[in-house]
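Colleague: I am attaching a structure below and will ask some questions about it afterwards.
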């Protein structure tokens, strides 16, 4: 069926009425009166558990949310994506990051062309190159083994590889991986400073080989290599992820060190492609293929499971409920796993660049809020930074906890148990809170004077009823990481379909690039600032004055 705008609007109205009148208000009571609540509001895919029972939903909520997904034609849009249709309508492109990890199908067609042989060819070339670097068969210009790789990219060419490489640290042997993204010269200076050009490989990740931040840093790195080893050494110390073969050749990188990808792969969905080359070098081709396999398992589940048993669909529906119906403008991603410390930033781009839109697929203003602000830090660090606001602040911010049942350090299992206890305790505390009577009783148990009890007790009250969901997997390994990232990719897709927006363009990013290009000659003093707004003129003048001081 097609998207039914009338039915969708009516279901949204029913959801808003339900939220105002009959959604759970007291989560303690919801659990105490309903022993089956956890069982009904949780799902598993193998070892991966998704629990949303602490969110303020009941059976009526879930029935209406399923009705919403049907009216929005989530299933039809999903089928169109997997079929290679051009669902990115503003750029007239297919959206097929799922093909990058598909090892089971015989064909996936884009405009009549089977892309799977192309994907396999690039993946096999990546594996051969990664094995060559890791084994020492591919050496630097002086004959030394490569000990360090530096990936230069930005946005999707950086956030995914950084996140995945850090997450899979237990699977590293060598070489060491470093990442440069910011145009700020301090970033590349600090990265290159302790390294030796003779044992360093630099990967330049830019599809067009024109991204200003990436190419500026690449030229700096090229000079660093050439000044020490000579111009002839450049080719042995660089590789590129790009489709602009002429520009790559002009830079000095041989064609056999260039790895391409396709316009049906968006930047923030590209870690599965050649953009993942630094990840593959760091953890090895076998582990990278397990990473792809985990994502593919989630793809198959998302494609085939019925709506009410589908993890990405249910995660997306809860996300929509929190954003559009409950009115929560933010969501916090809290992985209780230090190696997932860059996951919140990765999901921030995935979600906010995808669903930070204000017009519908047909170019009309949206009728309600779209993507939330996404942010977070790993636990337990976040508990000592911003959890105060999450517990007692005036805004309700849903949390998404992620934790593994087992850590990678068997001799430190007691610390992992403490980590898990903190995760579950925060989830419970946000839901249950603490009443004024409980706060009084706690203080009275310390034999404090009655006047002090009455003065302090209100400060120790927690409203509770603050929603959170929890994802638990066995262990953070390549397969589990791939599955987790694919879960969030498809969740973004589901929310976008209900919002009625295009999750696969990013025109807001392009605007900033255009203005930065225009302002560079002004900031460098080659052009005047006249014609700019008064604020920009004043800022430029101040910068010029301080640079001369």
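These residue numbers are counts, starting from 1, taken along the chain as shown.
Including glycine, each Cβ sits where the backbone N, Cα and C put it.
Sharing the feature lines straight out of Swiss-Prot:
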- 353: active site, proton donor (ACT_SITE)
- 384: active site (ACT_SITE)
- 513: active site (ACT_SITE)
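Relative to the rest of the structure, where do these features sit?
Modeller: All protein chains considered, the CB of residue 353 (active site, proton donor) has 22 other CB atoms within 10 Å.
Around residue 384 (active site), taking its Cβ as the centre, 10 other Cβ atoms fall within 10 Å, counting all chains.
Long-range neighbours of residue 513 (active site) (same chain, six or more residues apart, CB within less than 8 Å of its CB): 212.
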Colleague: Would you mind reading off the Cα separation of residue 353 (active site, proton donor) from residue 384 (active site), to the nearest angstrom?
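Modeller: So the alpha carbons of residue 353 (active site, proton donor) and residue 384 (active site) sit roughly 29 Å from each other.
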